[in-house]
Amino acid sequence: MRILALDLERYGPFTDRTVRFREDARLHVVLGANEAGKSSALAAVTDLLFGIEERTRYAFRHDMPALRLGAEIRAADGRRLRFRRRKGRKNTLVDAADSGLPDDSLAPFLGGLSREVFCRAFGLDAASLRAGAAEMLEAEGELGASLFAAASGLRGYRALQGRLEEEAAGIFMPRAARERTFYQALGRYEEARKAIRQGELRAGDWRDLNEEIAEAGTRLDAIHAERRRIAGAQARLARLKRVAPLIQALDAADEAAARDEADRPGQWTDAWIDALGARIAAEQAARDGAVRAAEVLDRAEQELAALPLDEGLLARAEAVLEAFRGIARHDKDAQDLPRIRAEADGLGLDLARLAARIGLPDAAALKSRQPSDAARSRVEGLVREGRALAAEIARLTRDAAGARPGPEAAPPEPAIDPAPLRADLRALAGLRGEVARRDEIDATVRREAGLLWLQAGRLSPPVPDLAALAQVALPAPEAIARHRRAFEALERRRERALERQAATAQAAAATRLRLRLREGAGPLPSLADLARLRAERDALIEAGPGAEPGRRSHEDAREAVREAVREAVMAADRAADDLVRDAARAAEQAADRVRLEAETEEVEAADRDLAAIETARAEAEAAWQAAWLPAGLAAAPPAEMAAWLGEVQTLLDALAAVETQSIEQRRLVERVEAARAPLAALAARAGLDLLPGLDPGLILARIEERVAALGEAWERAREAEGRARAAAEQAARRAADLAEARAREAVWREAWGRALPLIGLDGAAGPDEADSALAAWAAVPAALAALEHQQRRIAGLSRDMEAYRAGADALVAALAPDLVGLPSTAAMKALHGRLGEAQERRARRTDLERRRREAAEALAAAEAARGTASAALAGHLAEVRAESRAETRAEHPDGPAEEPAALHARLTARRALRQALESRRADLARVSDGVAEAELRADLAGTSPDAIEAALRGLALEEEALDQRGKAAFADRDRAERRREELAGGTGAELALAQRKAAEAELAGEARRWAVLRLAGLLIGTAIGRQRAGQQDPLLTRAGALFSGLTGGAFAGLAQDYDAGDEPRLTGRRASGELVPVDGLSEGTRDQLYLALRLAYLEDYAARAEPAPFVGDDLFLTFDDARTAHGLEALAAIGARVQPILFTHHRHVADLARSRLGAAVDVLEL
């Protein structure tokens, strides 16, 4: 379909504007400057074909209802249609008389295109071109992906396919994983089924639950009683452990206080002691202050005596400072004066050179003969005009010489119109899809069959023959569930038995430990030992002297019996005494022995239960394996086999689908073979010799290549004719332009001769001489002004320097005669240094006088303070002096009286000792839990710290064992009570049923979502595969030819290569045969490759369906002139099948199109 005329009646900035497209043009270039309406005209093409959008942005000049577009279009078979498009929601197509047209009137011309497909596939701008090339680079040049991107105009499909597959994998994969949502829902479903089974109520279960709860409660009561006993013992021992250090510290403090009181008896109040310390500190501080003040006063007087002053110099300090500040200005003037004189001399030389360049004798002549600004501007304009005329005449002369026609090469063969062959080829357009479908299904069947066998082999257990397995009767899901419930019940029994065994074994171990600890504390006789000893004693008493025959005499025998009876009586008595003394330990030991026997029986019972459960598990495993014998498989656990059975069923369903695809493949093979005869006839008409038995798909590709070659030859012939006609017209235009330029040159020479004397040149001078003279005159005013300025500066600097020297010399002579004779600036620097030293001495002397005055005042105050502090200390000591002296002499009659500082230190230490004693007693009362100190001391007297630690450790072990037994008993009772509550409430099974239904709904939803995502990813992959399989050879051939033209022969065409994964990759083929991958191309070359693929696809589409015009919007914005020219030629190369329309606002693009394509291009200006 071609647009012959575009009527912009009321649209955007246009009103009643018609753009006509030449029918014989191979390329249309629509040129519109900025704000000329190029974007509006570009949008008008889309709105014309598919309707004006409801909220259009091109109603800024005309009202929405008034928008109108019109066009005349022509189909490939010659049909024409004249129509108009109005703004509205329905019945928007009308004819020239505003009569309504059917909405499908454009369907034969558009070939089923939608607005989106038209904009993506038949529209392209510079940004989309660059993005498409980047998409090819991202796909690493994968062949199918590159062809698909160029054909559809879509971008980001690879990333979209990856996201779809990743999201689908997050839902379901054949291998179960906890993070996949399908298996999460499946786990909840299985848990609900398990809960339903567990929620069933039986009479035996109810009785067992009640008995289990009662037995656990009994155990917990016994444990609580034992806990109370242990807690009391632990509290007593912990209290003794806490108070023992405090009692020891309290005893030590009592002893120290008693010693101090014995050495120095007497009582003083805390207030008197604190006052004594304060007065001692005040007296010492006053004494130290007086010493420091005296030292400061001495230093100040010594420093004042060493500082003389120069009063005369200080009196004229301001004059000296002012003269010193002038040194920098004087030195700067002295430094600048020679430089400024040199600059003035240089300016004079510059003016002399400018006078010589212009041809005048000196600078005075320059000043008097300066031309006006108007005269200089006039000459400059004539210089530019003359050079432009010379360049234009030279260019026109070269163009005329280069445009002379040369000998035209004769065409190698007569051009044949390929239109009839194309029409017949369109009738077979559907065959390509059937061939691609046949090959695709064949590859799919092979791939899916291989995947099925591979997946079957990866199952656990693996399936060697999937088809044979389909004939075997496998266990039903209900049977698997039954076995699974049996295994789970046995596992629960085993877990309870293990818990019972661990708890009883731990309790027995704790009991044995307590027995060993008591036995380690010393021999512990029992009642049985006492009974045995008493029986031995009684036997000896009853036996009498004859109990031991063989003695040498009767007296010896009686003595021996009495000794034996006495020892037996003593042993029995000792055992009785030990038993009474350690009655509590003996009772605990006996109780633990009885407890150990019971716990040992429980451990043995738990071992017997575990053995019975293991036997039942072995029998269940044998029955489970027997159920899978017909399939010849070693069955995994029931939960895994349930999932395995589901996967096998999925594979069997997929195997049936593969069989269905095989039937479709055979049908397509028959249809493709039916087209062999028509293809052979068409190949003969196109002049092709084909090998017998060649695949119909390859025959169709050869025919398309042949028709494309015939079309190119036909177009080259038409282009040669157009170029010849355009060359003749252009030669005539160039001759006329050259004559007009020479006439303008004659007028310029007349004005040139009149203007040259104004700048001091004669009429024979050329533009270059005038440029030189103008440049010299332009520098004259600035040079004259600079010279006058420098001369004024020299006079001022000389005057200022002389005035400064006179003032400085007079000041030096008055204040420092010894400096007369030195340079003015050096003398002033020395005088300024002396002034600074004098000012520093004056400031130092003022400060020293102030410090001397302050030191004298401080010394007087310190002396007064010392007297006051000494009197206060003496008065304070006088209050108790008599008592203190009497006590001191009574204890030490020959020693001196005690010093105040020593007295204060001793009294402070005594008070601290008394406070520590009170603190220890308070700490003891706080941690003793209300027990009297005497009782605590009595308990501590009968034990030791090591015994307390040992007892606490034993109690901790007992408590730990009780914790384990209590946790086990509590867990048993809690589990049984919760189970009983569930059964009594009757809601466990109902809740589990609701959870199972919710899980079933979630499974269905996740499966549906997975199917949608998986199908979407497969659709994208299938589209890419079809593009690669169905259009690879002819499309690559044509795209290679276009790519060669776009690159100016830098590449000979395109080819496909295979990467390490055996995937086909698109590559560029240089003339030398070297293959360059997509990522090896430059950015601009990748843009050219994408454009070549898009244009080749449009040509291929035009051979199979009615094509729409291809619209480019500033397509070559990033191209240089050479690449733009090749791009224009590529667009014209498809002009025989597709109407290319290029919108641009760059005039040089239109000029390049005219120079390269001649009459084959139609340039329209908005």
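Here the Cβ of each residue, glycine as well, is placed from N, Cα and C on the backbone.
Feature list (source: TrEMBL):
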| type | residues | note |
| --- | --- | --- |
| DOMAIN | 1-206 | domain 'YhaN AAA' |
| COILED | 584-623 | coiled coil |
| REGION | 833-852 | region 'Disordered' |
| COMPBIAS | 834-852 | compositional bias 'Basic and acidic residues' |
| COMPBIAS | 881-895 | compositional bias 'Basic and acidic residues' |
| REGION | 881-901 | region 'Disordered' |
| COMPBIAS | 966-983 | compositional bias 'Basic and acidic residues' |
| REGION | 966-986 | region 'Disordered' |
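Tertiary neighbourhood of the coiled coil (584-623): same-chain residues 483, 486-487, 490, 493-494, 497-498, 500-501, 504-505, 507-508, 511-512, 514-515, 518-519, 521, 524-527, selected by CB-CB distance under 8 Å and a gap of 6+ residues from either end. Under DSSP, the residues of the region 'Disordered' (833-852) split into helix, strand and coil as follows: 20 helix, 0 strand, 0 coil. Per DSSP, the compositional bias 'Basic and acidic residues' (966-983) is made up of 18 helix, 0 strand, 0 coil. Model confidence over the domain 'YhaN AAA' (1-206) is summarised by a mean pLDDT of 78.
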